[in-house]
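So that you can see what the record holds, here are the features copied from Swiss-Prot:
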- 67: active site, proton acceptor (ACT_SITE)
- 10: site 'Important for substrate specificity' (SITE)
- 68: site 'Important for substrate specificity' (SITE)
- 150: site 'Important for substrate specificity' (SITE)
């Protein structure tokens, strides 16, 4: 049995493109983390999520945990707590390059297979009216860095260097790792 330890509809949608059958069991692990390094922060939270669900299921499943963070100048931008915070985040990203890092942990037959994927994203210059119009859509409120590249937030992106799916929150490297672990990732 394969389990995705996430309630994210974006992660579910990407995984379903490659794996026909899996279960979704969101992790209840704490997402409080004082690790400042974006890569280590994302890896720690991914491990926590995977381990919590793996233990809850009695160590009888393959479990995928993932966590995505946006960072700029080494500072992590999480999910905005309110519209003003979303505005500040988007204003900070405006006209600048930032990093999107997804840490993942797959627990398969008792062994942890963990990694992190980093994608560079460059935003266009954004004026305040455009930022507020985007915030009013509600789209940025549940996303790290206050934007979703797969939605209206994609308008802000000038270029990316790396894995697009990583920016969405579920890098293709996870699918490749599942293939290496023996999962059929191409049958439908």
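Backbone N, Cα and C atoms are what each Cβ position is placed from, and that goes for glycine too.
Since we're looking at a predicted model, the values are computed, not measured.
A map of Swiss-Prot features onto the structure.
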{"residue": "10", "record": "site 'Important for substrate specificity'", "Cβ neighbours (10 Å)": "19"}
{"residue": "67", "record": "active site, proton acceptor", "Cβ neighbours (10 Å)": "27"}
{"residue": "68", "record": "site 'Important for substrate specificity'", "Cβ neighbours (10 Å)": "27"}
{"residue": "150", "record": "site 'Important for substrate specificity'", "Cβ neighbours (10 Å)": "17"}
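Straight-line distance linking the Cα atoms of residue 67 (active site, proton acceptor) and residue 10 (site 'Important for substrate specificity'), rounded to a whole number, equals 12 Å. Residue 150 (site 'Important for substrate specificity') sits 15 Å from residue 68 (site 'Important for substrate specificity'), taking the CA atoms of both as reference points.
Following the DSSP three-state reduction, the secondary structure of the residue listed as 'active site, proton acceptor' is strand. DSSP assigns residue 10 (site 'Important for substrate specificity') to a helical segment in the three-state reduction. In the three-state DSSP reading, residue 150 (site 'Important for substrate specificity') counts as coil.
For the pair residue 10 (site 'Important for substrate specificity') and residue 68 (site 'Important for substrate specificity'), the C-alpha distance works out to 12 angstrom.
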